[in-house]
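What TrEMBL says about this protein:
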type: DOMAIN; residues: 169-366; note: domain 'ABC transmembrane type-1'
type: TRANSMEM; residues: 12-33; note: transmembrane segment
type: TRANSMEM; residues: 169-192; note: transmembrane segment
type: TRANSMEM; residues: 204-225; note: transmembrane segment
type: TRANSMEM; residues: 245-265; note: transmembrane segment
type: TRANSMEM; residues: 286-311; note: transmembrane segment
type: TRANSMEM; residues: 347-366; note: transmembrane segment
Amino acid sequence: MSKLRRSPLTILVHISVLLIVILWTMPTAGLLISSFRDKSQLAITGWWTSLSASEQNLIGRTEDPDTQIEKDGVYILQGNLSEDGEPLHVAQFGWSSRDPAAYTAGEVAPMRKGGTLTVTTDGQYTMTSPEPFTGSRGKRIFYTAEVPPKFGLDNYVEVLTAEGIGQSFINSLTVTIPATIIPILIAAFAAYALSWMRMPGRSLLIAVVVGLLVVPLQMSLIPLLRLYNDIGAFFGVGAKTYLGIWLAHTGFGLPLAIYLLRNYISGLPKEIIESAKVDGANDFEIFVRIVLPLSFPALASFAIFQFLWVWNDLLVATVFLGNGENELVLTGRLRELLGSRGGNWEILTASAFVSIAVPLTVFFSLQRYLVRGLLAGSVK
């Protein structure tokens, strides 16, 4: 009976988890599909219609007047509106951008001075005139056509071949790796001290660490930068250096690191620590030989969070490094690819997956330790 009573709740939980997974994965799937779509199609239709033909208002131009032929006193220009040779399905055409659907494909459209224009559904056009065509360029034709779905790697090629993208990738690694290792080392020592070393005010220190978790990052950026400027001016060192951003990320990441590692280390078996002390080991030997190896799941969990945060960060890097060509990190470089007004936003779809390649590698390498580290200290 108990199993039957629990079954509706179990089904509800499973459905809820499934809905959450769908809600989380659909935007990512849409972003991935959009990253392979053509720029023109991406601007007018959503990713959910990417497999169907889209109707677009396009502009074509006739051949130059030099290519006209004369037949029975009538001057003729012929050609195809498809510039790249791909098949078209023209529905309507016209002379003005305000009315690109003035005439149906196949219909004869009158022109001034007795001329005519005919555009067929496959994009073939015929323009006639009793007088010779003049000018150095052909006439523009506005038309509406059904364009088949087009996919390619153009967006990725544009991102990967952008100027300075390699240097910004190295800059991101230069910032991220030390900014992940330094807080782990400091927090591991602090967590051991708060867990196993008796000292006055230990509870107060733990409360301060928990309180620092809620301090908004944005409130401390400018005060920290001013402090770095003052210290740098005193020692004759510039404030916007890699050392400055390492220390900034270390300060921002330490509260979470100490809190997470302290919960894990305090949950280690007390008998192991006491046995080591009986054998004559000091605190440093216990920390290095026993605590660190046993705390690897918690260390890996925080390493994942810190690496993801620092790698994807743009605000802290902009404040503490600036926008110079030699200091710009990957996120800053990708932001510049969007253009001054964000008009090239189709690049954002491809750049998103380019930028997450390294964090995903780190995550999947350490993900088996993530749950164990997050549940540290939850069960005694």
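Every residue gets a Cβ built from N, Cα and C, even glycine.
TrEMBL entries are annotated by machine, without manual review.
Contact counts against the transmembrane segment (12-33), taken as Cβ pairs under 8 Å, peak for 347-366 among the stretches 169-192, 204-225, 245-265, 286-311, 347-366. For the transmembrane segment (347-366), same-chain residues at least 6 beyond its ends with a Cβ under 8 Å from one of its own Cβ atoms are 31-32, 34-35, 42, 155-156, 158-160, 172-173, 300-301, 303-304, 307-308, 311-312, 330-331, 334, 337-338. Panel annotation: around the transmembrane segment (286-311), residues 172, 175-176, 179-180, 183-184, 187-189, 192, 196, 249, 253, 256-257, 260-261, 263-265, 268, 272-273, 276-277, 330, 355, 358-359, 362-363, 366-367, 369-370, 372-374, 376 of the same chain, lying at least six beyond its termini, place a Cβ under 8 Å from a Cβ of the stretch.
Within its own chain, the transmembrane segment (204-225) has Cβ neighbours under 8 Å at 194, 239, 248, 251-252, 254-256, 258-259, 262, 315-316, 319-320, counting only residues six or more beyond its boundaries.
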